[in-house]
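Q: Grabbed the feature section from TrEMBL, which reads as follows:
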BINDING   103, 104, 105, 106, 107, 108, 109, 110  ATP binding site
COMPBIAS  282-303  compositional bias 'Low complexity'
DOMAIN    3-359  domain 'Kinesin motor'
REGION    282-306  region 'Disordered'
Ligand SMILES: Nc1ncnc2c1ncn2[C@@H]1O[C@H](COP(=O)(O)OP(=O)(O)OP(=O)(O)O)[C@@H](O)[C@H]1O
């Protein structure tokens with residue numbers, strides 16, 4: 001189980017904000033981001049009085065990227081060291097990773113992921129990888145319930161044409177999405193070979209090469225989803241009330257995302273309460289920081305039922321299903337402006353982000369179904385052999401010979417299945433097939449012999 005990791009990044013004042021006399025109301029102190037509410041009274045000088053209110057939120061990472069002269073300035077490099085490395089090393093271990101950027105329009109989402117140099121544009125860094133590793137990467141932008149492939153289309157004006165579908169086993173996916181494969185024999189250079197000039201460079205990957213480990217084909221396969229969301233101010237239901245043309249869809253994704261995040265956060269807290277009242281009390285209560293000002297405290301008692309999560313209510317949440325409360329490792333980067341002119345958007349982003357860190361995922365290493373079955377059969381054989389040995393040692397008598405033979409027969413059956421499966425899996429692997437074992441074979445030939453059915457003890 002792992003909480004969604006949340007990072008906040010504060011960008012420099014934009015030219016417009018500087019021109020408008022934008023005052024800096026956000027500050028970063030270690031892992032805490034604070035926002036000041038300038039209660040400006042009506043005096044002509046607009047001077048903020050002593051009623052300024054500070055709200056603080058704790059996160060996994062806080063990046064102050066406002067002024068390069070500042071000693072605590074966080075460069076792209078630092079962001080990469082934390083987040084980029086986490087993404088790449090997680091993928092190298094076989095986890096699916098989702099990194100999604102959330103924030104107001106112009107707050108620096110794209111800059112953080114693709115800027116110059118961006119999170120995934122690095123020339124010199126490299127991360128060691130296992131000998132056989134396939135990573136698929138998608139970089140999608142989601143807007144108005146439509147999906148656009150940012151790796152494929154260099155023309156920003158190209159429309160959002162991709163549709164989301166659901167595979168019975170693999171879950172939601174983007175139809176026609178060119179999930180670019182990347183494969184490394186030795187090292188994962190997180191630099192040029194990833195994204196260059198905002199375009200994905202496909203590595204040549206002619207064959208799937210079987211690497212034998214323990215006499216089984218072995219290969220790490222994982223997926224990195226980079227998701228750039230449309231401006232978060234659209235999550236505010238009142239944002240586009242006058243824009244009839246775009247209708248209700250425009251903010252459906254983000255409103256639903258908000259509901260999904262806060263429901264998951266509530267469910268996770270209810271779960272923690274059931275597990276341990278004391279751990280629930282400490283969760284989010286880091287140094288008295290009001291980490292989750294909305295929707296997490298009242299009524300989240302130990303007996304609270306898990307609420308329904310409306311993933312299917314929007315394309316965005318459907319696509320992020322595995323990343324929010326699912327089996328991926330997920331990182332959210334919330335980007336904000338430091339200017340007082342963006343107070344409400346920044347406050348709303350920080351609230352969202354703060355809620356998101358309560359979401360608990362159950363990351364799972366991807367494992368080929370055939371290899372999993374073989375591993376389970378081998379474990380079963382080991383257990384049967386151990387039982388046989390102890391049975392023979394403790395119960396030897398001619399009367400027990402029949403039981404002994406039964407056990408031996410079961411072990412033999414399992415060993416035969418492992419042999420057949422191993423050969424088949426190797427062949428499938430060599431052929432490059434993505435498919436698993438034929439269902440017929442699975443249902444008739446390969447049911448596991450479970451020791452619960454034995455009558456030994
Ligand atoms: N950390 C930063 N340091 C310097 N400049 C930044 C930073 N973040 C953003 N910018 C600049 O701010 C502008 C807006 O950034 P960006 O396009 O990444 O925003 P966005 O959140 O992706 O916007 P949209 O939602 O409209 O796509 C760009 O000119 C970018 O170069």
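Please read every residue number as a count from 1 along the shown chain.
Every residue gets a Cβ built from N, Cα and C, even glycine.
The shown structure was predicted, so the numbers you read here are calculated from the model rather than taken from an experiment.
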Q: Checking the binding-site residues 104, 105, 106, 107, 108: which ones have Cβ within under 6 Å of ligand 1?
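A: Cβ < 6 Å from ligand 1, in sequence order: 105, 106, 107, 108.
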Q: DSSP on residue 103 (ATP binding site), three-state: which is it?
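A: In the DSSP reduction, residue 103 (ATP binding site) maps to strand.
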Q: Do you know which of the binding-site residues 104, 105, 107, 110 has the most other C-beta atoms within 10 angstroms of its C-beta?
A: 107
Q: By the DSSP assignment reduced to helix, strand and coil, which category contains residue 108 (ATP binding site)?
A: coil
Q: Within its own chain, what residues at least 6 apart in sequence put their Cβ under 8 Å from the Cβ of residue 109 (ATP binding site), listed in sequence order?
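A: Listed in sequence order: 101, 102, 103, 228, 229, 333, 335.
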Q: Can you tell which of 103, 106, 108 has the most other C-beta atoms within 10 Å, given these are the binding-site residues?
A: 103
Q: For the domain 'Kinesin motor' (3-359), provide the mean pLDDT of the predicted model.
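A: Averaging the confidence scores along the domain 'Kinesin motor' (3-359) gives 70.
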